[in-house]
Amino acid sequence: MTFPGDTAVLVLAAGPGTRMRSDTPKVLHTLAGRSMLSHVLHAIAKLAPQRLIVVLGHDHQRIAPLVGELADTLGRTIDVALQDRPLGTGHAVLCGLSALPDDYAGNVVVTSGDTPLLDADTLADLIATHRAVSAAVTVLTTTLDDPFGYGRILRTQDHGVMAIVEQTDATPSQREIREVNAGVYAFDIAALRSALSRLSSNNAQQELYLTDVIAILRSDGQTVHASHVDDSALVAGVNNRVQLAQLASELNRRVVAAHQLAGVTVVDPATTWIDVDVTIGRDTVIHPGTQLLGRTQIGGRCVVGPDTTLTDVAVGDGASVVRTHGSSSSIGDGAAVGPFTYLRPGTALGADGKLGAFVEVKNSTIGTGTKVPHLTYVGDADIGEYSNIGASSVFVNYDGTSKRRTTVGSHVRTGSDTMFVAPVTIGDGAYTGAGTVVREDVPPGALAVSAGPQRNIENWVQRKRPGSPAAQASKRASEMACQQPTQPPDADQTP
């Protein structure tokens, strides 16, 4: 499914978006992991138009570099045209056409950069209808319960399109009309250029309205056609943050439903958020409160959630990830993570490994079958296969000026509360005792113990904390011990 070879597309993204009340350009606000402009350009690129032009104005210095990045991502050329003065949508189209050769002949599709749910099928149907009826212009329309802010479609008695009147110029009776302009058009370029040359700014906003082209072409006796879109969300625009949230919710509903229809169990779609670039394998179960963001990849037969957020994380088949926050990490097949686990960028957990409760890992590789069950920080480390890291262990990776790495071999067992002061290497099959501070390398098969014999300082509390609750308690315990009768030796025992 592609556009005909003589089709160019203009994307209007020059408006300031003042109703967003934001320092971020409107078209760069995101939903489902992409900016609004990115959603639109992805949809258009699927149809491979001959030319694709984005018209920028306000904050063009911030938007243009991102358009370049999207062009690289999509593997095609995207031209940028500049509207240096905000003189209306008609003027914006004139600026966009300046990027085309004067002798360009064909069709031009015009759409907006703030319609994030617009899809390739809708655009393909538009151009197919436009060509089938040989229209000078075909405009997409839809019907809204609340049409405030949209241009109204004025029809003739025989239901032909007579004109589009903007909200600010509409009469009270015209504002009652619920069929609105979706802001997506297909034009014959010669007819478009002719009509644009006759636009007037004699209106409430003193701008050149693209919508006035409809009445001009009709008065010329040319064919003006309208194609109604029943699913209004596909052509809904965003002017404020309320509408952004509404469309984000609607897009998420559609993304979640698509995964469900593909064989993924989503227990509670209302509390599950999945970005458009996320992939999930069959028979995976997603529990409530889960967010799968960026380019996260979930294998088949996994269990994810509840209360889990993964951003750009790759999860292998059959893995379990529960109450975990992770980013830019990988989890191997059959591995178990959580609950209350923090995976920072650069974490790689091998197949059948385990990262348990209150474990934080950063920039570390953890081998197949290795377990870090609980209460541990692993930073800048490489751990081999089938090792076990005891509770409350810490990989001490920062010396105050730089990060150092620790290497732990395979089949290693470390006691609780082991401190690995990097850089150190623990050989294969080595052990550490509880409370050990490892400052030097441990040879393979060795037991590292750093603590000396325990030493008890008698009556320390009475001397250092006299009168304290601890001193009083210890005094009572000593007195009770003194009152205990001493058992005489058993008469039958031989001295």
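Backbone N, Cα and C define each Cβ position, glycine as well.
Within the same chain, the residues at least 6 positions away from HIS374 (active site, proton acceptor) whose Cβ sits under 8 Å from its Cβ are GLY356, ALA357, PHE358, VAL359, ALA391, listed in sequence order. Marked as active site, proton acceptor by Swiss-Prot: HIS374.
Under the DSSP three-state reduction, GLY113 (UDP-N-acetyl-alpha-D-glucosamine binding site) is assigned to coil, being neither helix nor strand. Long-range Cβ contacts of GLY113 (UDP-N-acetyl-alpha-D-glucosamine binding site) within its own chain (separation 6+, distance under 8 Å): VAL11, LEU12, ALA13, VAL27, MET36, LEU37, VAL40, VAL54. The UDP-N-acetyl-alpha-D-glucosamine binding site feature in Swiss-Prot is assigned to 12-15, LYS26, GLN83, 88-89, 112-114, GLY151, GLU166, ASN181, ASN239, ARG344, LYS362, TYR377, ASN388; the stated evidence is sequence analysis.
If you take the C-beta of ASP114 (Mg(2+) binding site) and look for same-chain residues 6 or more apart in sequence within under 8 angstroms, you find ALA13, GLY15, GLY17, LYS26, VAL27, MET36, LEU37, VAL40, GLY237, VAL238, ASN239. The Mg(2+) binding site annotation in Swiss-Prot covers ASP114, ASN239 and rests on sequence analysis.
Annotation comment: Swiss-Prot describes ALA391, ASN397, TYR398, SER416, ALA434 as acetyl-CoA binding site. Cβ neighbours within 10 Å of ALA391 (acetyl-CoA binding site), excluding its own Cβ and spanning all shown chains: 19. DSSP assigns ALA391 (acetyl-CoA binding site) to coil in the three-state reduction, outside any helix or strand.
Marked as compositional bias 'Low complexity' by Swiss-Prot: 483-495.
What Swiss-Prot records for 1-241 is region 'Pyrophosphorylase'.
Sequence annotations record features per position, and here Swiss-Prot assigns region 'Linker' to 242-262 based on sequence analysis. Helix, strand and coil residue tallies for the region 'Linker' (242-262), in that order: 20 helix, 0 strand, 1 coil [DSSP].
Residues annotated as region 'Disordered' in Swiss-Prot: 457-495.
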Sequence-remote partners of the region 'Linker' (242-262) [C-beta within less than 8 Å, at least six residues beyond its ends]: 20, 29, 31-32, 116-117, 233, 236, 269, 272-276, 278, 280, 282, 286
Nearest of the binding-site residues (GLY88, ARG344, ASN388) to ASN397 (acetyl-CoA binding site) - Cα to Cα: ARG344
Residue among binding-site residues TYR398, SER416, ALA434 with Cα closest to the Cα of GLU166 (UDP-N-acetyl-alpha-D-glucosamine binding site): TYR398
Nearest recorded site to ALA434 (acetyl-CoA binding site) by CA-CA distance, among binding-site residues GLY88, ARG344, ASN388: ASN388
DSSP three-state assignment for GLU166 (UDP-N-acetyl-alpha-D-glucosamine binding site): coil
